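J.: Take this structure, written in structure tokens, and hold onto it; I'll ask about it next.
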Amino acid sequence: MAKRTFSSLEAFLIFLLVMMTAITVALLTLLFVTSGTIENHKDSGNHWVSTTQGPTTTQSSPTTQTPTTQTPDLPPSQNFSGYYIGVGRADCTGQVSDINLMGYGKNGQNAQGLLTRLFSRAFILADPDGSNRMAFVSVELCMISQRLRLEVLKRLQSKYGSLYRRDNVILSATHTHSGPAGFFQYTLYILASEGFSNRTFQYIVSGIVKSIDIAHTNLKPGKVLINKGNVANVQINRSPSSYLQNPPSERARYSSDTDKEMVVLKLVDLNGEDLGLISWFAVHPVSMNNSNHLVNSDNMGYAAYLFEQEKNRGYLPGQGPFVAGFASSNLGDVSPNILGPHCVNTGESCDNDKSTCPSGGPSMCMASGPGQDMFESTHIIGRVIYQKAKELHASASQEVTGPVLTAHQWVNMTDVSVQLNATHTVKTCKAALGYSFAAGTIDGVSGLNITQGTTEGNLFWDTLRDQLLGKPSEEIIECQKPKPILIHTGELTKPHPWQPDIVDIQIVTLGSLAIAAIPGEFTTMSGRRLREAVKKEFALYGMKDMTVVIAGLSNVYTHYITTYEEYQAQRYEAASTIYGPHTLSAYIQLFRALAKAIATDTVANMSSGPEPPFFKNLIGSLIPNIADRAPIGKQFGDVLQPAKPEYRVGEVVEVVFVGANPKNSAENQTHQTFLTVEKYEDSVANWQIMHNDASWETRFYWHKGVLGLSNATIHWHIPDTALPGVYRIRYFGHNRKQELLKPAVILAFEGISSPFEIVTT
């Protein structure tokens, strides 16, 4: 074997990794020595700094939906064939500074402002007689953590008793890679988040619960209509060589290596008035790449924004009665970067199997979207998705009728025996991540010289792992083959387990529609196999012609799920299939059992399974809270760079203010926006809000200085729809004030730009 030499860059990266790992292990060891307790999900999770809510600014804006904590009875049963329908939407943005963005796993990709707010969108559907109901919640996050779900269910139980439960509530993430991290309890994700943020966790939980509260309050009789159609020109398979590992006979049944079908539910009241929309479609929200530092909802969020703005005329983004949820599906190997991978340094094509370049290696092989930049690519992909949903929504005519039925189990996914046939039984494995996990994907490469498709370990990395984390057992090595194990997460338990063992599996049916809530990212072919198996199981026991949709990234996150054949190639998705080569077969067996129980009315006979843990004393953020300071002679909100006197459509207004850390505002759930764009209306002699920070036309940048100093820069990209007139920009923030020997307080402030004019010539 030839002696391996390292470049100066690789040597530096290795040194950096060793130092970071040593520091991490030391911190974990310290925490484990001092704490490390486990509680069940009845724990509140509030073990950190109490939030101090300061006064908030009063803004003129359209009335927002207000939830109630009461549990009103449904109206007396009426003679209608539909469902009681309730929709609700609430802000769940969390921190937009001093926190990592979740998804790419790129060190240093921390939040530095806001492009759009993140929303939780809840849809409640109840039988006409009130006998059963379900709540489907699409949340603009990278994934749902087990801790989030347990805390949401706890709060719902305290408000509504047994009305909303683990079996009839689905929390599904859209999978934006531009949302905040910090809301996890398993060690691997805490390390990726650079600590647990109770501030963000509480904000997200409250937003999810509030969206359900609003939907619950708004329940009214209505109908559900379903439609399906294909979406073109928004997807590619980012691991086509893995897809080709699947049997030719199976691939021949499909016209594409991605699922192009969108399923849309149109929700209307008994008068036919629109209430909301749910769509499921498989594409990664990674049009915004890993150079981005602005919190946003990416392409699926832009589709939801366009739909809601069209239906909620006269309302600001995030407000209005109509709610549009663009939910994820089996997107595991599906990219929106449709121009495909190429070597960014030479323009050549990448090696298809390894996603690497002749010059520069894997870090040079990247895929790009259809736009001139990531913002334009997001708009292009999101608009196409919106337009197809709009078309399907307008033409939907097939009504969904039938009872609401639910089934749920907790399963130890590290110990599932799978009956492949009459003579062969296999098992899942303790969790582990393979080498190609560290390679990243063509949507977001890593900086390490590790390629996708790696099927053999490396002596250096194996030795480093063994010294820092201990050696993986022979059992896990054999079980995970042909995956070369980089991190044996299932055998690491200090200070808490590194990845989950206990996983939620869940099916909810609405008449002839079945929603399979999957706890991760199924690849295209994995999703097809699961849908087909569940549909056949329903048909076998009398529920024929079911439409099965996959709700991706639901309830708990367990990385990827490839087919057995794709697993052999060990590209990124396979290396991230943590429970081993038979993970998909295990899920198919488990979901078939749920389908059978629903179809045979035997759900009550099923075991609930082992309850997941709820950990206390998690590693907090390593970024301290420090007092904000304004420059000498200035106050928070003062203008440092004014707007120009005059602008035209298509230009960008830029105003710079004396700022404060925007994470302070995440401690105040009533904080609605960091900015407004306002137009002076002569007819009422007052300023009217035209845009807020949920608008895609605005951008809020936070520039961190030293010793508590910072600036806030607000951009308004003037749209074609802007009318001539006089405008201004307002900035809303909160500063942390710390006096000696006194607790910190959070104080609200605002800044106002000088007026400027939009002209036509």
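Any Cβ shown, glycine's included, is placed from N, Cα and C.
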J.: Disulfide-wise, see what Swiss-Prot says Cys365 is paired with, picking from Cys350, Cys429.
T.: Cys350
J.: From Asn79, Asn198, Asn421, Asn605, pick the one Swiss-Prot annotates as N-linked glycosylation site?
T.: Asn198
J.: Pick from His216, His284, His424: which one does Swiss-Prot list with His175, Glu521, Tyr560 for the same Zn(2+) site?
T.: His284
J.: Would you identify which residue of Leu74, Leu101, Leu115 Swiss-Prot lists as part of the Ca(2+) site it also attributes to Asp693, Ser695, Thr698?
T.: Leu115
J.: Would you mind telling me which one of Asn412, Asn711 Swiss-Prot calls N-linked glycosylation site?
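T.: With Swiss-Prot as the source, N-linked glycosylation site is noted for Asn412.
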J.: Can you dig out which of the ranges 124-134, 234-244, 608-618, 751-761 Swiss-Prot describes as region 'Required for correct folding and localization'?
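T.: Going through 124-134, 234-244, 608-618, 751-761 one by one, Swiss-Prot flags 751-761 as region 'Required for correct folding and localization'.
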J.: So one of Asn289, Asn449 should carry the feature N-linked glycosylation site according to Swiss-Prot; which one?
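T.: Checked Swiss-Prot: the N-linked glycosylation site annotation sits on Asn449.
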J.: Within 10 Å of each Cβ, count the other Cβ atoms and name the one among the recorded positions Ser335, Asn449 with the highest count.
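T.: The residue with the densest Cβ neighbourhood is Ser335.
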J.: Tell me the Cβ neighbour count for Asn198 (N-linked glycosylation site), meaning other Cβ atoms within 10 Å of its Cβ, over all protein chains shown.
T.: 20
J.: Taking just the CA atoms, what is the gap between Asn449 (N-linked glycosylation site) and Ser335 (active site, nucleophile) in Å?
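T.: Cα-Cα distance, Asn449 (N-linked glycosylation site) to Ser335 (active site, nucleophile): 22 Å.
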